[in-house]
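*Asks:* One structure, pasted below without further comment.
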Ligand SMILES: *[C@@H]1O[C@H](CO)[C@@H](O)[C@H](O)[C@H]1NC(C)=O
Ligand SMILES: *[C@@H]1O[C@H](CO)[C@@H](O)[C@H](O)[C@H]1NC(C)=O
Ligand SMILES: *[C@@H]1O[C@H](CO)[C@@H](O)[C@H](O)[C@H]1NC(C)=O
Ligand SMILES: *[C@@H]1O[C@H](CO)[C@@H](O)[C@H](O)[C@H]1NC(C)=O
Ligand SMILES: [Zn+2]
């Protein structure tokens, strides 16, 4: 699944102060996704003072200054205290095969007539059959159990049927014990419902060219919603084969994981047919998918064994061509890289108008949010294209990591999501080498997850979970991004060939089965010992358990002796709120020196073992030459140095920064600033590093720099001296770079220019603001010319423009049929600083009959922010996002800096606040608030003094 992380999407130069109180009364009819009775909301609105609500950049370019983090309750055991031990299915039965027949009344009352047959093998004698089920009513008198393999398939008596809503169990009690080793067939008819909750078998709608509303039915099952479509053993390790039958009206089309086998009339129902699909390969329930729609497709036969089809509603199909090109290309790359072929005959990808996640890897039938899959080459920007390619690559990678070999339980879901995320970087780099994702990912992803993972309330990658709410919660940045970055570290310390060999062996020997992380370690260890890439006697498990079974990451401190030639190296957990703990890691050390300056050597030269608190290194250069550790930041750790070495680095950056690899320039900036924030390095040194930025023109270091400066601006509310300092760093670049993109600019130059525009305009540079406004006005005169308008310009135009500008942009949002443009307009609309428009917009966002799709609501709320949104969120908290509670936590994380800490605490400590699905988020919110306050108390003055000494005063 592709998930979006929206924490900190806004760059705010101003923090939270609620000035000028305007009371607005808004009548809200939609609470999140759910209709309830009309409610009144009285809001205090932030006034139109210069609270810069800057837009989000597309997620691949996110340069946000994410608030950071920090502290308390150890979350390493279980996400909450709930009794969770009995939530798993009994192990007595193993499903072998399902046959499903579903007739959804898409154009009627949305009911579904269902029939399921499940064949199972008895592992332990049992007198009941326990399956998962939710939102389903069984027709009890149709339930039937047959003992197979006996003559004439004897029928076994069913004593009673029971439903346990707390555990979502459907239990069939039998009058006898089922025999170990035998197989049985349970069948039952049932009724279900196409919900509007974007999960299970659900309905989605769109408006046709002639203005009529059209319905379709589609599925989203991961992690625990297959049970809403049919009773099943809904755990990932309980794989089975599936034969799906879907009834549809003849003018519609149905799709499932496998190719269509045959179509027959539905007896007695004119205009209806049954589609039967081929029997599937063995797979997990969460990967089953069905779609019934009136969509059309484009296909590609570029892959010689696999038919690729991209499906969309008829008017949007022209935008499916890029996906059709990228898909087969990336699939072939993965097949070669992993030494394993894709086992199915077809790969469908479908653009669904309402879709809660970004995309879902259902085997053979991937579902995507329309705005991600479809891409109009005439109007789409680089950012949109990047999201598309990366998402397609991510989902295709799941064909191996997740679909073929599946994490046995959700605690190891990083085996699916971390790999899909990492492989997506490789796939994207193959498809679009000029984007340099292998470099940008370090700054955009690793440095970002470092923020979250420096909180005590971060969590281990492999974490015990059992309740659906807990399972939902760990589809987060730790699982995806830290997972990917830990895998990147392995690829580098094992070397690429060993890594590939180990993966190929893991996939081939466990195909159609499930795996734990120990399985992965084992296959990689065998490859490493054959390749001789690890120290004698050390296994991958020895090294990796510490990275996946404990939260956080280390900081390595390199202290050179006075002659420079040797160093003491120590390590400890890096936490923003520094607390000592007993943590050990195996750390691969890599380094280079001033005279070598070779940043390519990313295999460990020295391993610092988990038990070693301190080691000694020799053969370092004399003291007038710097050393740099963690080359290209391939290791998942920070590095600190003695002050003398920091001084040498600062000097090198001033003299000739290009001598240092751009990733390491960004690393030096990010490490220095975060070390200073955690009290482990002086701000004098950290800000000293910044001075060279006047000469820096590259995207990677700038991204790291603005993220860190933005943190200080946010945490301090108002910091004019810092803004002046920032202006002095950015403006030379603005002048050198100019405002407009040139045709020959590389993707990274374009991305960097967007940062520069955003900050130059945001900091009030007149030339920038004039140009942005002129461009915005030109766009208003010629709105079809959308692709030339950078998101920062749209945002700026809304911020500085009047109501007419806002209304115009809103009309463009309504008018465009290019789904990928809609989120861009929505984010821009949220940039308004006019309190009346903001409250009107909020009203439109949450209006259930309004023009904003359910799946966009939480992101737009995050982007609007302010106490207005806070009031709405907290008032409706308990009913919001019932289909995915973790989203409300995401919204809260994104907007907490807009409200007073006491207000947040008051809400969080209120006993009536439902915290399910948000336990991690709540801890992270508290820790973030605490650390921001602590930063202001401890360091605001320090930074102000440094700025003053360097000629900047507030
Ligand atoms: C069903 O049988 C299993 C043993 O196979 C047992 O653990 C479980 O408690 C039974 N469930 C119910 C509801 O009786
Ligand atoms: C029918 O089965 C359901 C479980 O699906 C159970 O809750 C209900 O009590 C049963 N009704 C009767 C009359 O047995
Ligand atoms: C490092 O690798 C890059 C890209 O592969 C290459 O251009 C460069 O010459 C290498 N540098 C050294 C010092 O080997
Ligand atoms: C910029 O680079 C030049 C040399 O190219 C150097 O003289 C100057 O000190 C640098 N400025 C900063 C602020 O680092
Ligand atoms: Zn995924």
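In case you wondered, yes, glycine gets a Cβ from its N, Cα and C as well.
Source: prediction; values computed, not measured.
The following feature annotations were taken from TrEMBL:
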DOMAIN    94-287  domain 'Aminopeptidase N-like N-terminal'
DOMAIN    325-547  domain 'Peptidase M1 membrane alanine aminopeptidase'
BINDING   394, 398, 417  Zn(2+) binding site
ACT_SITE  395  active site, proton acceptor
SITE      480  site 'Transition state stabilizer'
DOMAIN    626-930  domain 'ERAP1-like C-terminal'
*Asks:* So how many other Cβ atoms are close to residue 417 (Zn(2+) binding site), meaning within 10 Å of its Cβ?
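*Replies:* A count of 28.
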*Asks:* In whole Å, how far does the CA atom of residue 398 (Zn(2+) binding site) lie from that of residue 480 (site 'Transition state stabilizer')?
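*Replies:* It is 13 Å, counting Cα to Cα.
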*Asks:* Between residue 395 (active site, proton acceptor) and residue 480 (site 'Transition state stabilizer'), find the distance joining the two CA atoms and give it rounded to the nearest Å.
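*Replies:* It is 13 Å, counting Cα to Cα.
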*Asks:* Mean pLDDT over the domain 'Aminopeptidase N-like N-terminal' (94-287): what is the value?
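*Replies:* Averaged over the domain 'Aminopeptidase N-like N-terminal' (94-287), per-residue pLDDT gives 96.
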*Asks:* What is the total of other Cβ atoms whose distance to the Cβ of residue 480 (site 'Transition state stabilizer') is within 10 Å?
*Replies:* 27
*Asks:* Relative to ligand 5, which of the recorded positions 395, 417, 480 have a Cβ found under 6 Å from one of its atoms?
*Replies:* 417
*Asks:* Around the recorded Zn(2+) site, report the further residues of that chain (criterion: Cβ within 8 Å of the mean position of the Cβ atoms of 394, 398, 417; site residues excluded), sequence-ordered.
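*Replies:* For the Zn(2+) site, the extra neighbours are 1, 2, 361, 395, 397, 401, 402, 416, 419, 420, 421, 423, 424, 480.
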*Asks:* Please report how many Å separate the Cα atom of residue 480 (site 'Transition state stabilizer') from that of residue 417 (Zn(2+) binding site), as a whole number.
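*Replies:* A Cα-Cα distance of 5 Å.
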*Asks:* How many neighbouring Cβ atoms, not counting its own, are there within 10 Å of the Cβ of residue 395 (active site, proton acceptor)?
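*Replies:* Its Cβ shell of radius 10 Å holds 29 other Cβ atoms.
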